[in-house]
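**Q** I am attaching a structure below and will ask some questions about it afterwards.
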Amino acid sequence: MPLLDPASPPLTTPPQARAHGDFSGLWVPLVTPFTAAGEAVDHAALAALVRRLGGQGIAGFVACGSTGEAAALDEGEQDAVLETILGSAGGLPVVMGLSGHHLGHAVHRARQLGALPLAGLLVPAPHYIRPSQPGLLQWFHAIADASAVPLVLYDIPYRTGATLELGTLRTLAAHANIRALKDCGGSAAKTQALIADAALQVLAGEDAQIFTTAALGGAGAIAASAHWQPARIVQCLAALEAGDLGRARALWRALQPLMEAFFAEPNPAPVKALLAAEGWMEGALRAPMAPASAALTLRLQEAARAQARQLDELDRPAA
C-alpha cells in the first residue's frame, strides 16, 4: 500500500513562486525521524520524507513544531533538522517553529533564524507562565519586530496555557510582520470573525477542522495528517474553493476516519507508527513521548487500507 497515492491525478506543477508572506494552502508540520533508540535524528529518513511529500501539491513545510518534537530537540539538533529540510524541500517554502518562555532568548533566536531562507516563523504564546493579554501583545510584538521574516501566530491554549483573545489577535494583525494564524483556539466564533476580518490568513491547526475552516473561507491548514495522502487533502481543498461540494464532501468522508485515528493517542506517535509500518522511518519518539500502541498501529493500517479503497472508488469513471 503506497503512502502517496500514485493513481491520484497530479495536482500541481512544480513549486511556483509565492508572494512574500503568503501562507495559503496545505502545510506539512514534519515529524522528526529518530534512530531506533531515539538517540539521534535520522537525517537520511527526514530528507527522504521531505522529497516524497514535496511533489504532492502542498504549500510547504513546517520544521520543529509540536509534531516535530521540538521540545525534545536541543538548539543544535533543531538547526540541523532545519538544514536538512531546507536542503531537501526542492524550492518549497519552509516555516520554522519558535517556542519557549524567555522573551530575550526568543528575540535572539528570531534574529538568528532571520538570516536563513525561511518563509516565516511559527510562534505560540510562551508556555507555562500564562501571561495576560497585554503581556501576550508584548511577547509577539517583540518577536515580530526582531524577525526578518513574517510570523504565523500559533493559538494553541491547551499546550501553552494561554488563550489569544479575539481583540488581541486583531491588534496583532495590524503589525506589518504578522501575517497568518495557525488556529487551534477551539472557538468557532473567533475563527469565523478572523476569517471575516481578512487581516490574517487563518489556517486550520486542528485536522478535524480543515473542511469547516476552508468552507468558511480560511486560507488552508497546517496538518499532521498531511503526512498521509497529502494530495487528496489538497484536492479536497481545491474542490471546496471551486464550489464542487459533492467532490469535496466525498473526499473528506474518505479522509476523516484515518485523520481521527492519527489523534487517538498523543501526536506525533500515531503518524510515526504508520510511516514506520510503511518502512520509511523508525517509530521512535523521545521520552516522555511514547510510541503508539500496537492496537492503534493496527487500527491505523486498517484505516489506511480502507481509505485507499474508498479513494480508488472515487476515481472510477461513472458507469
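Any Cβ shown, glycine's included, is placed from N, Cα and C.
These came from TrEMBL, pasted as-is:
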{"type": "ACT_SITE", "residues": "Y154", "note": "active site, proton donor/acceptor"}
{"type": "ACT_SITE", "residues": "K182", "note": "active site, schiff-base intermediate with substrate"}
{"type": "BINDING", "residues": "T67, I222", "note": "pyruvate binding site"}
{"type": "SITE", "residues": "S66", "note": "site 'Part of a proton relay during catalysis'"}
{"type": "SITE", "residues": "Y128", "note": "site 'Part of a proton relay during catalysis'"}
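Each of these features: where is it, how hidden is it, and who are its neighbours?
**A** A sphere of 10 angstroms centred on the C-beta of Y154 (active site, proton donor/acceptor) encloses 28 other C-beta atoms.
Look at K182 (active site, schiff-base intermediate with substrate): DSSP puts it in a strand. Of all Cβ atoms in the protein chains displayed, 28 besides its own lie within 10 Å of the Cβ of K182 (active site, schiff-base intermediate with substrate).
In the three-state DSSP reading, T67 (pyruvate binding site) counts as coil.
Counting only same-chain residues six or more apart in sequence, the Cβ atoms lying under 8 angstroms from the Cβ of S66 (site 'Part of a proton relay during catalysis') belong to P29, G97, I156, R159, N267.
The Cβ of Y128 (site 'Part of a proton relay during catalysis') has 9 neighbouring Cβ atoms from other residues within 10 Å, across all protein chains displayed.
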**Q** Of the recorded positions listed here (T67, Y128, K182, I222), which is spatially closest to Y154 (active site, proton donor/acceptor) when Cα positions are compared?
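**A** That would be K182, the closest of T67, Y128, K182, I222 to Y154 (active site, proton donor/acceptor).
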**Q** Which residues of the same chain, at least 6 positions away in sequence, have a Cβ lying under 8 Å from the Cβ of I222 (pyruvate binding site)?
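**A** Those within reach of I222 (pyruvate binding site), by Cβ under 8 Å and sequence separation of 6 or more, are W27, V28, P29, V62, G65, L122, K182, L203, A204, G205.
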**Q** Cα of T67 (pyruvate binding site) to Cα of Y128 (site 'Part of a proton relay during catalysis'): how many Å, rounded?
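**A** Per the Cα atoms, T67 (pyruvate binding site) and Y128 (site 'Part of a proton relay during catalysis') stand 19 Å apart.
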